[in-house]
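Engineer: I'd like to ask some things about the structure below.
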Amino acid sequence: MAKYIFITGGVLSSLGKGITSASIASILEEMGYRVTLQKLDPYLNVDAGTMSPYQHGEVYVTEDGAETDLDLGHYERFTNAVMTRDNNVTAGRIYYNVISKERKGDYLGATVQVIPHITEEIKESIKRVEKDNDIVIVEIGGTVGDIEGLPFLEAVRQLSLELGRKNSMFIHLTYVPYIKAAGELKTKPTQHSVKELRAIGIQPDMIICRADRELPKGIKSKIALFTNVKEEAVISAPDLEFSYEVPLKLKEQGIDRIITERLNLEHREVNLGKWKKIVNVLRNPEEEVNVALVGKYVELKDSYKSVIEALIHGGIANKVKVNVILKNSEQLDISELQEDIHGIMVPGGFGERGIRGKIEALNFGRENNIPTFGICLGMQLMAIEFARNVLGFSNANSTEFDPDTPFPVIDIMEEQKKVDKLGGTMRLGAYPCKVKENTLAHRIYQKDLIYERHRHRYEFNNRYRKDFESKGVVFSGTSPDDKLVEIMELKNHMWYLGCQFHPEFKSKPFAPHPLFRDFIRACLEYKRKFT
């Protein structure tokens, strides 16, 4: 039977429960334990697929095609665990399942209630990820005290009781504000947050305190006294320059030993050498490169979380600092790309808004031999830009933006034409891609067949393949049956590549994705040669 760690949050949201959970998992993994993580989201959406990036940040796609919370990206980046649709459970899915069972008569006429029916469904969803794992870390989204989170807290309270004290523990992440006028850290919000948690029936075994500085011993002692937690289990989590420092900071305070003792696990040697190397490169880069990320959701950086992290990973591989400069495609002045920019990134997205600026950025990158990388919609816009400005198809477009375009170089996939629902209906998850020899893509991957994650409805229109190839475009990656274009690149360009898939979802700091690694290498080469 697996051991369970339940992680809750208090005082306010966006404290970093996802990174904290992932960091704890990485430490336990380094001890040789098989660890998985799960995110419980109390919102009523069935999944994150139809949510606005402004509301919720990016949608993270798993190998099996689930559209999930961005925290699953942290889980995969920090650990070796592979997430599936079972690793993200929403209140929407729980209620949907319960109501479906009621309609089928599975409850035999019983009055369906939050307790026991909703809580039992939550518990079953949690236990589903236990298979073949020694430890399951469950992050409960939201903040203690939120109405929508109560059934989830009740469910984990019940589950903890069923598992027994040696098989489960609670970690509460809270916030300790520094009041400038008073010149001191205040523990009262943490005290009240734990009081709220205890009123539900949950006593935390550890409190991780987020603050803008280190917690002095006196503050730790005070929190321990008023929350009924051992002082050694009050962990300081100050603001850090890099998120990849968090495992080191937690290990420094003995979190590994506290957890193994509490869960009656064998304590094993923890070697965080790989994290130290990563942090050392981030702190002491040999050079810097500037990459312009041109998108329409740039006001919220989390909208492009995995892309930004993957660019940083590419920097780690090349021992350079990557300055990701966010450019709003709706307000883009092309002269901004002339100012010390060494690479252009156009990530995925949906809808017509902001398209003009992205196409202008791609045109600038192509004509000025600047390393340029397009992902998903970014690749599709590369095709549109090329059709308009090189092939002379002035009205070329995607049928997503102009259903009546005379040159539909991007068209809806055949199997998508009869789909009338948005949620979970795209081409989602990992699919194979055949890589053509003697191409940039093959040099980067060093493989003939790769598997990458997808999230799209539209594709390159094969009717125009010969037109593109006649002018120097190479379709270096396709589906194994050669029907779907996966990668396109330019022959006579330093580095101009677009991919239909999302490579950012398979990049880790200690295993950077090959495309991002080589893109940053090209940016560095461009900087050395031309600036």
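Each residue, glycine too, has its Cβ placed from N, Cα and C.
Keep in mind that what you see is a predicted model, and the values were worked out from it rather than measured.
What Swiss-Prot lists as region 'Amidoligase domain' is 1-265, and the listing cites sequence analysis. The feature CTP binding site is assigned by Swiss-Prot to S13, D146, I147, E148, K186, T187, K188, P189, T190, Q191, K222. According to Swiss-Prot, the UTP binding site annotation covers S13, K186, T187, K188, P189, T190, Q191, K222. Annotated L-glutamine binding site per Swiss-Prot: Y54, G349, L377, G378, M379, Q380, E400, R457, in sequence order. For D71, E139, the entry in Swiss-Prot reads Mg(2+) binding site, with the evidence type sequence analysis. The domain 'Glutamine amidotransferase type-1' feature in Swiss-Prot is assigned to 290-529. The active site, nucleophile annotation in Swiss-Prot covers C376. The active site annotation in Swiss-Prot covers H502, E504.
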Engineer: Please report the three-state DSSP label of T190 (CTP binding site).
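Structural biologist: Going by the DSSP assignment, T190 (CTP binding site) falls within a helical segment, counted as helix.
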Engineer: Using Cβ-Cβ distances, find the residues under 8 Å from E504 (active site) that belong to the same chain and are at least 6 apart in sequence, listing them in sequence order.
Structural biologist: S306, V307, E309, A310, P347, I375, H513, F516
Engineer: For E139 (Mg(2+) binding site), which of the three DSSP-derived states applies: helix, strand, or coil?
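Structural biologist: Where E139 (Mg(2+) binding site) sits, the three-state DSSP reduction gives strand.
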Engineer: Cα of G378 (L-glutamine binding site) to Cα of I147 (CTP binding site): how many Å, rounded?
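Structural biologist: Spelling it out, the Cα of G378 (L-glutamine binding site) and the Cα of I147 (CTP binding site) are 40 Å apart.
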Engineer: Relative to the Cβ position of H502 (active site), how many further Cβ atoms are located within 10 Å?
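Structural biologist: Around H502 (active site), other Cβ atoms within 10 Å: 23.
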Engineer: So, in DSSP terms, is L377 (L-glutamine binding site) helix, strand, or coil?
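Structural biologist: DSSP assigns L377 (L-glutamine binding site) to helix.
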Engineer: Radius 10 Å, atoms counted are CB only; among the binding-site residues S13, T187, T190, Q191, Q380, which position scores highest?
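Structural biologist: Its Cβ has the most other Cβ atoms within 10 Å: Q380.
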Engineer: Given G349 (L-glutamine binding site) and C376 (active site, nucleophile), what distance in Å do their CA atoms have, once rounded to a whole number?
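Structural biologist: Between the alpha carbons of G349 (L-glutamine binding site) and C376 (active site, nucleophile) there are 8 Å.
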